[in-house]
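Colleague: A single structure is presented below for examination.
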Amino acid sequence: MDSNHQSNYKLSKTEKKLLRKQIKARHTLLRHEGIETVSYATQSLIVANGGLGNQVSRNQLLPVLEKCGLVDALLMPPNKPYSCVRYKTVEESKTAYDTLNGKEIVDDLGQKIILYLNFVEKAQWKELGLQALPPGLKVIEEIISSEDEKMLLESVNWTEDTENQNFQKSLKHRRVKHFGYEFHYENNNVDKDKPLPGGLPDICESILEKWLKEGFIKHKPDQLTINQYEPGHGIPAHIDTHSAFEDEIISLSLGSEIVMDFKHPDGMTVPVMLPCRSLLVMTGESRYLWTHGITPRKFDTVQASKGHKSGIITSDVEDLTLNKRGIRTSFTFRKVRQTPCNCSYPLVCDSQMKETPASFPESDKEALQLEQDYVHRVYEEIARHFSSTRHTPWPHIVEFLKALPSGSLVADIGCGNGKYLGINNELYMIGCDHSQNLVDICRERQYQAFVCDALAVPIRSGSCDACISIAVIHHFATAERRVAALQELVRLLRPGGKALIYVWAMEQEYNKKKSKYLRENRTSQGMKEEISNDASVQELLVKQLPNVGNQDSAHSVSSINDFQDGGCNSKNVANSKLPIHTNRTSFHSQDLLVPWHFKGNPGKDKRVEPFGPLGSRDPGPVFHRYYHVFCEGELEAACRTLNNISILQSYYDQGNWCVILQKV
């Protein structure tokens, strides 16, 4: 809607709303992408809400655009909620602008979305150079016939008697069967002393012999895991344990194609299309050094020109579209290793890594490493699943934000998926988090967020009217670092500014009332015992934890000691390993590792607790996060070590200690 048109007559209510949406789209593009729109007509238009990130495919959008003229190019960057169309003439572009602005279409999920268009001079995206498959990786297409595929799928009896040791284990939107040895997802390993009876299915034996004879594989596997995935399910990025299996790991895709992501430790990610009836073979560097995983989603970004052919998904924005996932069944074969691994990648090899006892960090460097391994890396892995469980804002936090004056600048330090950034539209809110994947989710929701360390926030001192820190400070591994995080919050505040802080409480039963975390105990007693007494998990964590000292960091700042006279009923854990907490039970130590059970299809996992993870009966991957849970009075004591604040209020809220402080 141009300015000349606006000046001729008074805008209707609908036109005003459309104009507001257009302006918002312009600001979002400029803030997040650096794309400037213009007020005059050009050949190019940015189509807000018409992107792959909105589940709008090329095949769906292009016919709509072509009704207005000859489309010269349609650029659809991956994971972005917009696209750019270039018409042959300016007149055709103007026609599209007038016709399609505010047009409602239905995306590939059946949801209604509205398109908003703005003119641009040019739109550019960074193009990644041509990528190669990770070394040692190959994909063999059509390795079996459609008849063999049908026989393999029909051979899997998902309803057999549970007395058979090969019976399936049902996960949410996923079923699993094991042959040869049971694959343990909590440590990506097998128990070599407990082979399953019967070996591999007969139908697989003949196929494997054929692959060996034709040179597709080098070893005959003795372990098979069959997974059936519903659309929307994923696999967290991982490396199969070095000491458990030989160099070669192979996976046969049946029923549907999928895009699998391979990631190098330097951060480079290579998405690879695995067609139906193709065999993925991982050897060497691709098996030992690169992680592999599948992002949980219902649509994959693929190249329109390649269809379902194998290969790398490039960043050619003129050739990207969406491909709807189907039900995929994977047959993953491995050869169990009987000797320690002596690969060329000792830094990620459990056979070659130095075993060190787990204790508590006595230096800032060791604390930083603990946080890196058991906070930051974990949140990057579980970000999508974690986000799906964080959807309901807490009333007292909402109350705090609603009470702030209109126009206040508020920083959410450790914003996660941004669920508090849109609570009060009269505030100017910005968020930050250490996790790139969580910040990406914020941006997908059109929130302003950036990546940073909570101990060094790149915001000018004294510029914020308020700050919130929800479930962040309990992840710092020493008292000094927790106090430093509080000091950083105060630094951001103007004089008179307020901060709201939430941390997980040691006391999950308070005033004779259990917290939601305890009340909503969905784990069986058997599962509790499995988690808390699993020696193999404890041993694995001992191997991975940094070499740390024996100081109990909860007492390393003397002024925080005063609050504890008879108050905190925790065990003395100095000179001990970090204990693994049993989910949905009371805490017995202030410093501990809390399991997070990764589940499938994050969009449908409804949970109500704010900070604590949920136990699971599913044998899915388990991640462990470091926590320091706070005793009553400890948070206030830490705040009082700061010399420029006053505590306005402190309270207990569903298993969390909370403070509102003001900068003086």
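The backbone N, Cα and C atoms fix where each Cβ goes, glycine too.
The feature 2-oxoglutarate binding site is assigned by Swiss-Prot to Asn227, Gln228, Tyr229, Arg328, Arg334. Positions annotated as Fe cation binding site by Swiss-Prot: His238, Asp240, His292. Among the features that Swiss-Prot reports, Zn(2+) binding site is placed at His242, Cys341, Cys343, Cys349. Summarising the annotation, Swiss-Prot assigns domain 'RRM' to 43-120. Per Swiss-Prot, the feature domain 'Fe2OG dioxygenase' maps to 220-337. Swiss-Prot lists 411-664 with the feature region 'Methyltransferase domain', giving similarity to another entry as the kind of evidence.
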Colleague: In the same chain, outside His238, Asp240, His292, whose C-beta lies within 8 angstroms of the Cβ mean position for the Fe cation site?
Modeller: Asn188, Ile235, Ala237, Ile239, Ile249, Thr291, Gly293
Colleague: Which whole number is the mean pLDDT over the domain 'RRM' (43-120)?
Modeller: 87
Colleague: Cys343 (Zn(2+) binding site) has how many other Cβ neighbours within 10 Å of its own Cβ?
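Modeller: Cys343 (Zn(2+) binding site): 16 neighbouring Cβ atoms within 10 Å.
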Colleague: Roughly how many Å lie between the Cα atoms of Cys341 (Zn(2+) binding site) and Arg328 (2-oxoglutarate binding site), rounded to a whole value?
Modeller: 32
Colleague: Using DSSP, break the domain 'RRM' (43-120) down into helix, strand and coil residues and give each count.
Modeller: 23 helix, 27 strand, 28 coil
Colleague: I'd like the number of other C-beta atoms within 10 A of the C-beta of Arg334 (2-oxoglutarate binding site), please.
Modeller: 23
Colleague: Give the number of CB atoms, excluding that of His242 (Zn(2+) binding site) itself, located within 10 Å of its CB.
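Modeller: Step by step: centre on the Cβ of His242 (Zn(2+) binding site), count other Cβ atoms within 10 Å, giving 24.
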Colleague: Reduced to three states, what secondary structure does DSSP give Cys341 (Zn(2+) binding site)?
Modeller: coil
Colleague: Reported as an integer number of Å, what is the Cα distance between Cys343 (Zn(2+) binding site) and Tyr229 (2-oxoglutarate binding site)?
Modeller: 32
Colleague: Counting other CB atoms within 10 A of each CB, which of the binding-site residues Asn227, Gln228 comes out lowest?
Modeller: Asn227
